[in-house]
Amino acid sequence: MIKIGVLALQGAVAEHIRSIELAGAQGVVIKRTEQLQDIQGIIIPGGESTTIGKLMRTYGFIDALHQFSAENKPIFGTCAGLIVIAKEITGQPEAHLGLMDITVARNAFGRQRESFETDLPIKGIDEKVRAVFIRAPLIEKVGPNVEVLSTYNGQIVAAQQGHLLAASFHPELTDDYRLHRYFLDMVKARQA
Ligand SMILES: NC(=O)CC[C@H](N)C(=O)O
């Protein structure tokens, strides 16, 4: 069975494990870099990107995940996780992992809309997906190799670049696990 890790330094871990298991893979809670050997893909959850980034530096995950990505193993960043994998963060001098060719704006939906839910059309998924946004980031700019998978009011909220997948919202907070299945399919496509 395919094993997919969820980076468990801070943030929404248990919910992602549940969704990935509903999608048909084994979910693994990742707390140490050595564990990356045993998994075929990893999810970086929502939470607080500054905190996750700091803990990643402390525990050696920056180099370890650069290596993981260089082996073409899929990485899925949701909400804060999207910020963590982005090459550029507007208004911040430094990125965290800096893997995906996107520029992101943190907390981009303003005060009244800090948290909301909506049904989003996502490329590659048949019917709309229920999306929960919580102090969500937006993708302001994408590089030439990035495919936009979803927009909300004309703004980019999901994208893919090869083995990298990013969503502004929290797909783990609903019973709809189709985006996790989409990620699992990306992982499967890179096996064998
Ligand atoms: N729900 C979330 O992951 C919020 C992300 C958070 N606002 C950040 O900037 O890191």
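Placement of Cβ uses the backbone N, Cα and C atoms for every residue, glycine included.
Record features (TrEMBL):
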- CYS79: active site, nucleophile (ACT_SITE)
- HIS170: active site, charge relay system (ACT_SITE)
- GLU172: active site, charge relay system (ACT_SITE)
- GLY47, GLU48, SER49, ARG106, ILE134, ARG135: L-glutamine binding site (BINDING)
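Feature map: annotations from TrEMBL on the structure.
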{"residue": "GLY47", "record": "L-glutamine binding site", "Cβ contacts under 8 Å, 6 or more apart": "GLN10, GLY11, ALA12, CYS79, ALA80, GLY81"}
{"residue": "GLU48", "record": "L-glutamine binding site", "Cβ contacts under 8 Å, 6 or more apart": "GLN10, GLY11, ALA80"}
{"residue": "SER49", "record": "L-glutamine binding site", "Cβ contacts under 8 Å, 6 or more apart": "ALA80, GLY81, ILE83, VAL84, ILE89, HIS96, ARG106, PRO137"}
{"residue": "ILE134", "record": "L-glutamine binding site", "Cβ contacts under 8 Å, 6 or more apart": "GLY46, CYS79, GLU114, SER115, PHE169, HIS170"}
{"residue": "ARG135", "record": "L-glutamine binding site", "Cβ contacts under 8 Å, 6 or more apart": "ASN107, PHE109, GLU114, SER115"}
{"residue": "GLU172", "record": "active site, charge relay system", "Cβ contacts under 8 Å, 6 or more apart": "ALA12, GLU15, HIS16, ARG18, SER19, PRO45, GLY46, THR78, HIS180"}
* Asked: Hey, which of the recorded positions ARG106, HIS170 is the loneliest by Cβ count within 10 Å?
  -> ARG106
* How many neighbouring Cβ atoms, not counting its own, are there within 10 Å of the Cβ of the residue listed as 'active site, nucleophile'? -> 30
* To do: With L-glutamine as the bound species and GLY47, GLU48, SER49, ARG106, ILE134, ARG135 as its recorded binding residues, calculate the greatest Cα-Cα distance and give it in Å as a whole number.
  => 13
* For L-glutamine, what surrounds GLY47, GLU48, SER49, ARG106, ILE134, ARG135 with a Cβ no more than 8 Å from their Cβ centroid? -> GLY46, CYS79, ALA80, ILE83, ASN107, ALA136, PRO137
